[in-house]
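Database features, via TrEMBL:
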- 8-214: domain 'Cytochrome b561 bacterial/Ni-hydrogenase' (DOMAIN)
- 61-82: transmembrane segment (TRANSMEM)
- 141-166: transmembrane segment (TRANSMEM)
- 178-200: transmembrane segment (TRANSMEM)
Amino acid sequence: MSEKMIHRHTRLSIFMHWFNAFCWFALLLTGLGLIKNEELNPVGAWLPNLMRSLFGGGENLLLVHQYLGLVWAGAFLAYILFKPRATWSFLKEVFPVSPASDMQWLLKMTLKMTLGRKGIERFGLSPDLPPQGFYNFGQKLFAQASVVGGVVIVATGLVMFFSTISMDNPGPAAWSRVIHYLTVGLVFAGLLVHIFMAAISREERPAFKSMFTGNVSEHYVRHHHSLWYAQVAAEKDKDG
């Protein structure tokens, strides 16, 4: 008997997810390639040398980084303009936080990943996680960091981009560069956790697969997103 599936993601949202992932890694590589100072570059001098040789010098690499960033930002701006309801629905899902249950989820999930279910039970705690909605709290945190961080990265990137056209006041560009680097570093740290949770963690593997198929098993939703499952079931009953 085949497992019952629940639709979770549209084709457009799947495309935007992987478009975002591709742009992020491409921008990260080209951005690191622009940092010639070995003391500031977390990967050393080999990547800047490699990237500059591949693109024919630092100026060409900078142009690729800048215009790729503009395409990335432009695509999301177009999505917001043409899909305002979907955008608002996403923001309403990821930004509201329930401190009691969400912090409990974060604590228990951290202990579960480090100590396992038996380790949690040794502390007299139940390994069962609090009920979650469409996104769990870990997914919410990364989404919040991505949205806020993305706005900061685009804003500082635009300041630096326009400073290459007019250098009347280099101060804003200098500050933007620092904020840009720090924000990218923080969001990338969250991205590493996101990749681990989505692609490596066995419990979250069905959610990872849904970013290709658009569907997730009813069993997974019932156990990991019970609040969302209740909404889906209520809508199904309402439709008859």
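Quick reminder: no glycine exception, Cβ is built from N, Cα and C everywhere.
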Non-local residues, at least 6 beyond the ends, that sit with Cβ under 8 Å of the transmembrane segment (141-166): 62, 66, 69-70, 73, 76, 90-91, 94-95, 106, 135, 172-173, 176-177, 179-180, 183-184, 186-187, 190-191, 193-194
Distant-in-sequence neighbours of the transmembrane segment (61-82), which means Cβ under 8 A and at least six residues beyond its ends: 12, 16, 19-20, 23, 26-27, 30-31, 33-34, 51-52, 55, 150, 154, 157, 161, 164
Per-residue pLDDT averaged over the domain 'Cytochrome b561 bacterial/Ni-hydrogenase' (8-214), given as an integer: 92
